[in-house]
């Protein structure tokens, strides 16, 4: 326990009165303390007041002294609180109030009130106990609420327990694992020694690191050398990639010496164990994944229990390790030493391969019978028979719970239900479910709720993150795209979602099986909770963190970022130097919502329609009457469609449902009071549905995987043509009200600010140019005043930039160059490269270097020739769907530079339909459901739900293990907590 000193000036009170005042409070010590002041101003002798008035025994002349004199000079005494403090901070007044007591005007009241308040109110100073946990390098105690700690990275206040109870660090560890997993993993890997300097995360990234400990992405020039590093410096980055790739794995990896400041681990047991990153007083076995205690926290942590675990559970491994440890000294043959190396390599193989365990059967196949007998004799001798039997029975229970394949499959299925169906953790702890499991699998022991929350789901979360990270390592294109969404489903929290999109042209087997290939890939990088009042800097910082975490280690560069028109998000993207593309679906939604608000008749009709649907959805009797009427008249029945606030498509489906059941609804509403839809409103509802029908079709086209920026201009053109046809139809029929509605919506569609910006944006126009389906009818899609030749020059500049940055990709292989069908349409730039080839047909390296270092004016005519050749080629429809990437996959060897530019523009999505499907159609993400789950863990669950089907994760590869005895203790404690 560390000692905290408080300097208190001596007042006019006599020592006797002061000791009488302090005698009822506890033990007061005055000891010499070294300080920066003069030696004469420090107390050199110890005086202890133990609750007995010793001043009564002193001579009267000493009582008349105004202060304490030592060696003839007046001193200032140092009061030291020797009363035993609690190991954690109490719930009393914050420590920050102590200096205020010292600054009081009355010295006598200062000394008495300070000491009494520290003893009676139990104000525990922060330095009363050394913080040995590594989490304290990322947290500091909240000065206002001492039972909470503030994260140094995100400044979030995290609770450590209830006031007055034990304050631990488990919640702080879970916060670091969920919100700052790279920082926490690398801290465990490299360590922070007690008493050393503060730990700083040293991550080698192409982006620069911010001063606040998080990543700051700085976009570079397109022709910068960093963008060419993926091709030129790939060998030099292998070490960085291997090191950064391991940040995702916090389990199933042998981590030696996780806790810094400890002595070197010389015991042989550490070849079979690694320190548990969540509980430093426990160690995890590399063979069976069981967590074994090394002692009580805060006491001496030995290896005796680890040795007993190896002797009882893995006697063969332990005996061979003991035998091999003396191989050199005893002069054993080389075969024995090689077997030792093989065993050691097998045990440590989990660092790179996962979980390949060496069992006793594997050793028995390779070793003779005599060493086996010797091993058994050596393993039985060190421990008593009774203790060995107890450990063996515990191992049998663990094998029954974890080693049984059926039990593993059941546990994996439960985790799958938690993630995919968003079941709460306590659902599997209910008596009904436990009775069901007793009938289905009597021998299965259900893990505790805490196990699923703290071990199973985080382990699955890490595995999926690792798989996504390894997939991004193999992305061929250097430029990828991001979609950013913020969804509000919590009273105090918004969820920040970042999704990455890229293209992989390696899927070439569709010609054999006849299926359309899926070139477009995507993955959710993060689901992070942000405060409602988060600033632009917080959003930009989180975006830079994700880019530095996922993209920069793989030399990937964000080309376009798609988001809605939220002011904070748009400003954050632009302030970061990124290219922002508005979400097409959000633009349509804003146009139609403004159209609804502009017409009062439509608003009144929607209010009546919502009341009608609410009447049938909340009244069982009304719903039964409606269904009976449908059955009596043999009318088809469809489920009721509810309207969602802020989404026009749900409003359209609600109106469409009412029109399909208009006869039944009108008949049923006659019996209900207060719910009426007039005939004029029914007619207006028909007009609105006819007008919105083209927009619903456009939404369906946008929500498919193959939709990209190439369809923005054609879809807007198609919507305007559809509204024009509707206007002509209404004009022929003489419906004035419908004509006014069509004209109003057409005007809004043409004058909308966001849509007008998208029509004139360079990414959308170039993406349309690179779609072979639209290249022959571009004049119909282009806005007024746009020049086609100007945008062809822009496209040629993009091709020229790519030729200059990646000249080696623009070469044609020798085998392909010899084919006449390929060389006919080859790049002019590639043809110039071929002129520098030698007689043997190989490309001259000096010629390639000269071209690569040539001026941009030399490459631009070649790029223009490639673009002209693309537009002159006649495009014919082919069987393969509407995805233009199928066309460009066939042209990658003919126009390599133009193909790469086409992939860059065609791979950008029009909207973020992935998060749309999760948050708008899935009822599991209601605010009540989210608030009932843990905040840090709900982010992991949403991340898994959005990624598991996309990455095709195999649950059978998830290795699960738990301690049955500890599981029973946790389950019993959970039952006591539950009402």
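Cβ from N, Cα, C; glycine included.
Since the structure is predicted, the reported quantities are computational estimates derived from the model, not experimental observations.
Pulled from Swiss-Prot, these are the features on record:
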ZN_FING   130-187  zinc finger
BINDING   151, 154, 175, 180  Zn(2+) 1 binding site
ZN_FING   264-321  zinc finger
COMPBIAS  337-351  compositional bias 'Basic and acidic residues'
COMPBIAS  359-373  compositional bias 'Acidic residues'
MOD_RES   381  phosphoserine
Can you count the other CB atoms that lie within 10 A of the CB of residue 175 (Zn(2+) 1 binding site)?
-> 24
Tell me, by DSSP, whether residue 154 (Zn(2+) 1 binding site) is helix, strand or coil?
-> coil
Those same-chain residues, other than 151, 154, 175, 180, found with Cβ within 8 Å of the centroid of the Zn(2+) 1-site Cβ atoms are 138, 152, 153, 156, 158, 176, 179
Can you count the other CB atoms that lie within 10 A of the CB of residue 154 (Zn(2+) 1 binding site)?
-> 21
Does anything in the same chain, at least 6 positions from residue 180 (Zn(2+) 1 binding site), have a Cβ under 8 Å from its Cβ, and if so what?
-> 138, 151, 153, 154
Counting every protein chain present, what is the number of Cβ atoms, excluding its own, within 10 Å of the Cβ of residue 151 (Zn(2+) 1 binding site)?
-> 18
DSSP-assigned states of the zinc finger (264-321) in counts, ordered helix, strand, coil = 21 helix, 10 strand, 27 coil
For the zinc finger (130-187), jot down how many residues DSSP puts in helix, in strand and in coil.
-> 21 helix, 10 strand, 27 coil
